[in-house]
Amino acid sequence: MEAEEPPEARRRCPEALGKASGCCPEAPGKARGCCPEALGKLLPGLCFLCCLVTYALVGAALFSAVEGRPDPEAEENPELKKFLDKLCNILKCNLTVVEGSRKDLCEHLQQLKPQWFKAPEDWSFLSALFFCCTVFSTVGYGHMYPVTRLGKFLCMLYALFGIPLMFLVLTDIGDILAAILSRAYSRFQALLCLPRDISKWRPLLLCRKQTDSKPADEAIPQIVIDAGADELLDPQPSREPASPSCNVELFERLVAREKQNELQPPMRPVERSNSCPELVLGRLSCSILSNLDEVGQQVERLDIPLPVIALVIFAYISCAAAILPFWETDLGFEDAFYFCFVTLTTIGFGDIVLVHPHFFLFFSIYIIVGMEILFIAFKLMQNRLLHTYKTLMLFVCQREVSLPC
């Protein structure tokens with residue numbers, strides 16, 4: 001017969017099993033409490049991204065409808081007709097005899113305008129979607145642009161709302177990337193057993209964090225009525241017992257303090273409970289609002305060496321440069337690398353034109369993430385340059401002070 005387990009062992013078994021399996025009796029309540037917070041962190045970014053995708057689809061439908069319809073005036077363009085007539089007159093001459101006609105032909109061909117050959121068929125839905133992505137991402141390659149008057153006004157209005165929305169998405173995604181880069185670099189430091197020193201590049205940020213964390217308790221006035229209340233109000237309390245007149249005066253001062261606090265707008269308390277499902281919506285809204293207030297803070301706190309971020313950028317662009325020539329057969333690795341760099345830095349010269357821009361739409365997420373990585377790199381470089389400039393100015397000022405008059 002098997003030995004019967006003592007009751008203490010039976011009582012400890014569920015706890016031991018719970019710890020061994022990674023859960024405990026309080027885990028369901030904690031999981032329910034963590035779900036609104038996790039959803040509150042993901043929901044703003046997902047909403048921003050969905051708004052940007054919807055905005056791009058609506059813009060593609062508008063531009064394909066405006067620029068894609070046939071224009072009867074474009075078929076009889078007087079400017080194009082005049083250009084062709086002059087070109088025919090130049091070509092009637094014998095170019096081998098008249099050498100000046102060749103120069104006139106070259107100068108005349110330089111006056112050629114690309115919009116003369118823009119066809120409505122070029123503005124399909126996918127082409128218009130590609131154009132919208134180049135507008136609100138501020139890339140603007142230049143080989144695709146609106147020609148009609150209505151299309152130009154629509155493009156300006158579309159950019160006014162699309163560019164801030166794009167920057168908002170970039171800021172939110174930047175926090176995620178900054179958290180990933182910071183954790184990856186911390187694990188890399190732990191693997192190599194490198195010391196984690198406090199960064200010297202962000203002293204102002206640390207001071208700002210300390211000052212921001214101070215007034216949290218000072219902003220909420222508290223009234224404590226106890227035996228030592230007169231000690232709180234009087235900086236030099238007397239050791240003699242309080243008289244009735246002092247008690248009346250103390251009570252009047254407390255009432256005046258309470259009335260003054262009532263004039264301030266009351267702060268709505270946030271109740272937290274894992275057993276009441278009605279409070280889930282309240283916790284979710286509070287989590288969303290708190291995360292919206294912290295948008296962009298993770299990027300400001302990020303501090304990793306510039307060679308690390310430069311290596312990440314090089315690897316990121318190289319991956320796209322190796323994939324892009326599979327459908328853009330005219331591009332080699334060097335041209336594809338150059339095109340991706342010009343795109344991610346929002347320079348957008350327009351010297352390289354994609355033959356199949358529809359396939360490049362699948363790289364929309366790639367473009368957004370790449371632009372954010374470059375933004376983080378530029379932010380880190382800016383902090384380094386500011387630190388170098390401050391160090392140089394301090395050195396110059398100290399040298400001027402040390403010089404004799």
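First residue shown is number 1, and so on along the chain.
Placement of Cβ uses the backbone N, Cα and C atoms for every residue, glycine included.
Within 10 Å of the C-beta of Thr138 (K(+) 4 binding site) we count 15 further C-beta atoms, all protein chains included. Among the features that Swiss-Prot reports, K(+) 4 binding site is placed at Thr138.
Residues annotated as K(+) 1 binding site in Swiss-Prot, with similarity to another entry given as evidence: Thr138, Val139.
According to Swiss-Prot, the K(+) 2 binding site annotation covers Val139, Gly140. Every protein chain considered, the tally of other Cβ atoms within 10 Å of the Cβ of Val139 (K(+) 1 binding site) stands at 20.
Look at Swiss-Prot and you will find Gly140, Tyr141 tagged as K(+) 3 binding site. Look at Tyr141 (K(+) 3 binding site): DSSP puts it in coil.
For Asn94, the entry in Swiss-Prot reads N-linked glycosylation site, with the evidence type sequence analysis.
If you look up Swiss-Prot, you'll see Ser275 (among others) marked as phosphoserine.
Sequence annotations record features per position, and here Swiss-Prot assigns phosphoserine to Ser287 (among others) based on similarity to another entry.
The region 'Selectivity filter 1' annotation in Swiss-Prot covers 138-143.
Per Swiss-Prot, the feature region 'Interaction with calcineurin' maps to 221-226.
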> Across all chains shown, how many C-beta atoms besides its own are within 10 angstroms of the C-beta of Gly140 (K(+) 2 binding site)?
Replying inline: 17
